[in-house]
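Novice: One structure, pasted below without further comment.
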Amino acid sequence: MAEVDHLAAERATARFDVEEMKVAWAGSRHAVHVADRMARLVASDPVFRKDNRTMLSRKELFKDTLRKAAHAWKRIVELRLTEEEADLLRQYVDQPGYVDLHWGMFVPAIKGQGTEEQQHKWLPLAYKFQIIGCYAQTELGHGSNVQGLETTATFDPKTDEFVIHSPTLTSSKWWPGGLGKASTHAVVYARLITEGKDYGIHGFIVQLRSLEDHSPLPGVTLGDIGGKFGSGAYNSMDNGVLRFDHVRIPRDQMLMRLSQVTREGKYVHSNVPKQLLYGTMVYVRQSIVADASKALSRAVCIAVRYSAVRKQFGSQDGGPETQVLNYKTQQSRLFPLLASAYAFRFVGDWLNWLYTDVTQKLEAKDFSTLQEAHACTAGLKAVTTSVTADAIEECRKLCGGHGYLNSSGLPELFAVYVPACTYEGDNVVLLLQVARILMKTVSQLASGKQPVGTMAYMGKVQYLMQCKSAVSSAEDWLNPDAIQEAFEARALRMAVNCAQNISQAASQEEGFYERSPDLLEAAVAHIQLIIVTKFIEKVHQEIPGHGVKEQLQALCNVYALYILHKHLGDFLATGCITPRQGALANEQLGKLYAQVRPNAVALVDAFNYTDHYLGSVLGRYDGDVYPALYEEAWKDPLNETVVPEGYHEYLRPLIKQQQLKLSRL
Ligand SMILES: CCCCCCCCCCCCCCCCCCCCCCC/C=C/C(=O)SCCNC(=O)CCNC(=O)[C@H](O)C(C)(C)COP(=O)(O)OP(=O)(O)OC[C@H]1O[C@@H](n2cnc3c(N)ncnc32)[C@H](O)[C@@H]1OP(=O)(O)O
Ligand SMILES: Cc1cc2nc3c(=O)[nH]c(=O)nc-3n(C[C@H](O)[C@H](O)[C@H](O)COP(=O)(O)OP(=O)(O)OC[C@H]3O[C@@H](n4cnc5c(N)ncnc54)[C@H](O)[C@@H]3O)c2cc1C
């Protein structure tokens, strides 16, 4: 803990119990305790140091990642950590690497798509790191369009093997994390061909490298795809390229839970939806929503603390200047992001519950909630990652010039985070999936089919298409029912408008194509409704701790009214509210910001992040920013010598030449 707390005065103004807010944020007292222990374990271990990361070369950074992963594994085994503890430790190490894909995609793919026999064979090897796996789906030519992948897996009945082959340049696997240098195995997605027929995309376990000396196996060409955006950041990951030249694998390395190929080469599809092949992506998408709240809360924590420390203008009679956090503009940019961090946290918890529920139903062969799981994971992944990426950049700007320094932590956080808008499904492609499901639901309304789950509100179509908001004062916007109704009416009317426009096109497909920009907006409106609804539901629960519920209530209102203000055009165009009601929402928003202001620093303290995890001189817990900034600058390799390298070659001759010219004048 800090010796001098420069933020003590801020902490003293909080009107709630921060320790209890930590519990609300983490989900339980147990979760706070475990996260705290793991964060401190990582922060106190010199191997996990990361303050020099942006100064390492790519090779050094990659080796550092291997070192950290090996050390983390050693500690996990020594301390006999549980899976929950091990995963938290992985998160606090905070360096993307092959282990993320090994645990996050390779293992889940085998669990979800492998038979019991296959799981028995492969999972123990993976659990003990006797093999390292990655998820090789995307190719040079196709990522979003999974059905367009070109790699082939042709069954050879003579030898009872599949022949894995990359027939074209564009069929080269391209992007899989951990593939470039670390993995020994991959789940490879390829077109299954047997008896001369193409049965589409299936998963296969393929060994890539020798378990003795790590050299590529015969017929396998592979490497890293090269440096990526930003310094440090995602460059710790070995995203790879992979080509197969008629590589043979035994038939039983096809993942056969969903469909099988018999010894004779007959293709048999189990009686399950073929979309279960996409199950690993659905799993990761829900975990990405939880990650969004983590990344966003980190950026917001840095920006709030620094804004409380930073002072500019406003000095009267030689007194102190104004903390930039007191500027209304700073508040109106920052507090919605603070509220969004909490909103994403709670919707992430709910999504995790939904995912678990759907998984249990699938085990019991109940596929009725598959579409709901797909729509919610795809849509929430898209909205939360897009908002978070933009928000991290906004937090950088909120920190002024110092936000641009690597030591602020924000440039690397942005660079490491921004690909989340693309990986695990490009956000636009995912939102169009949501839109497709919305259109299907609207078209079924006429037949009287009652929508369920997060679409249930559409069942109130008669009412929501004509209702008028009853809000007549700014305070009326504090009523959750008023907010809920406005968001439901906006989402439904946007979806119905799209459906009506599409129905006028020559075909459904053409209409969908022509109207896709509007459909994106309708999908976003639907997802924002889900986030608002889940926040309101959270606040309705019993929440212990002095003032905690009140703060969450205020943040919930900030989130909802900020979205309403930002998307006012939607609410007005669909006639859900009047311009006057829109102005009242904005008025209420200003009042809410004033309510949040004295609690702001304590609200980010509740995230319970160590200085190590934050990795920012601006976001330090003690607020002692300036000495830290000053000290950090001297650590730059450029400051290792007073006179820079290159002086004698380039600077001195230049200066001397000019001096000579001058002396001749
Ligand atoms: C430090 C060391 C410590 C050691 C630590 C030890 C830890 C121990 C424990 C740890 C445990 C946990 C660890 C977790 C870690 C997690 C970390 C993860 C890190 C993630 C990094 C990210 C890396 C990135 C990976 C990738 O990007 S993988 C590739 C992703 N690719 C995509 O997402 C492609 C996107 N495209 C698609 O999904 C599809 O092609 C499409 C959906 C766009 C279209 O598909 P298709 O053409 O087939 O379908 P249609 O549009 O025609 O639709 C047909 C119908 O199918 C429905 N549908 C579509 N998709 C789905 C679905 N997924 N589910 C259900 N239904 C689906 C449509 O709705 C259509 O339905 P209809 O016919 O009724 O209309
Ligand atoms: C850091 C990183 C890590 C990754 N890790 C892995 C991994 O481990 N394993 C793996 O298999 N893959 C991985 N990927 C690949 C990733 O999943 C794909 O890049 C992603 O799914 C997007 O596909 P794409 O690259 O084909 O984009 P494209 O689909 O080519 O997108 C290009 C543009 O076209 C637009 N577009 C595409 N289709 C449509 C449409 N139907 N309608 C409207 N617009 C459209 C998109 O919105 C986008 O603007 C990773 C990618 C990155 C960046």
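Placed from the backbone N, Cα and C atoms, the Cβ positions cover glycine too.
Okay, so TrEMBL annotates it like this:
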{"type": "DOMAIN", "residues": "17-132", "note": "domain 'Acyl-coenzyme A oxidase N-terminal'"}
{"type": "DOMAIN", "residues": "134-235", "note": "domain 'Acyl-CoA oxidase/dehydrogenase middle'"}
{"type": "BINDING", "residues": "Thr138, Gly177", "note": "FAD binding site"}
{"type": "DOMAIN", "residues": "278-439", "note": "domain 'Acyl-CoA oxidase C-alpha1'"}
{"type": "ACT_SITE", "residues": "Glu424", "note": "active site, proton acceptor"}
{"type": "DOMAIN", "residues": "479-656", "note": "domain 'Acyl-CoA oxidase C-terminal'"}
Novice: For Thr138 (FAD binding site), list the number of other Cβ atoms lying within 10 Å of its Cβ atom.
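Specialist: So the Cβ neighbour count for Thr138 (FAD binding site) comes to 18.
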Novice: What is the separation, in Å, between the Cα atoms of Thr138 (FAD binding site) and the residue listed as 'active site, proton acceptor'?
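Specialist: Cα to Cα, Thr138 (FAD binding site) and the residue listed as 'active site, proton acceptor' are separated by 10 Å.
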Novice: Summarise the domain 'Acyl-coenzyme A oxidase N-terminal' (17-132) by DSSP state, stating how many residues are helix, strand and coil.
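Specialist: The breakdown for the domain 'Acyl-coenzyme A oxidase N-terminal' (17-132) reads 90 helix, 0 strand, 26 coil.
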Novice: Long-range neighbours only, meaning 6 or more apart in sequence with Cβ under 8 Å: which ones does Gly177 (FAD binding site) have?
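Specialist: Listed in sequence order: Pro96, Tyr98, Asp100, Leu101, Cys134, Tyr135, Met237, Asp238, Asn239, Gly240.
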Novice: Quick check on the domain 'Acyl-CoA oxidase/dehydrogenase middle' (134-235): DSSP residue counts for helix, strand, coil, in that order please.
Specialist: 9 helix, 44 strand, 49 coil
Novice: Indicate whether the residue listed as 'active site, proton acceptor' is helix, strand or coil by DSSP.
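Specialist: Where the residue listed as 'active site, proton acceptor' sits, the three-state DSSP reduction gives coil.
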Novice: Would you count the other C-beta atoms found within 10 angstroms of the C-beta of Glu424 (active site, proton acceptor) for me?
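Specialist: Its Cβ shell of radius 10 Å holds 24 other Cβ atoms.
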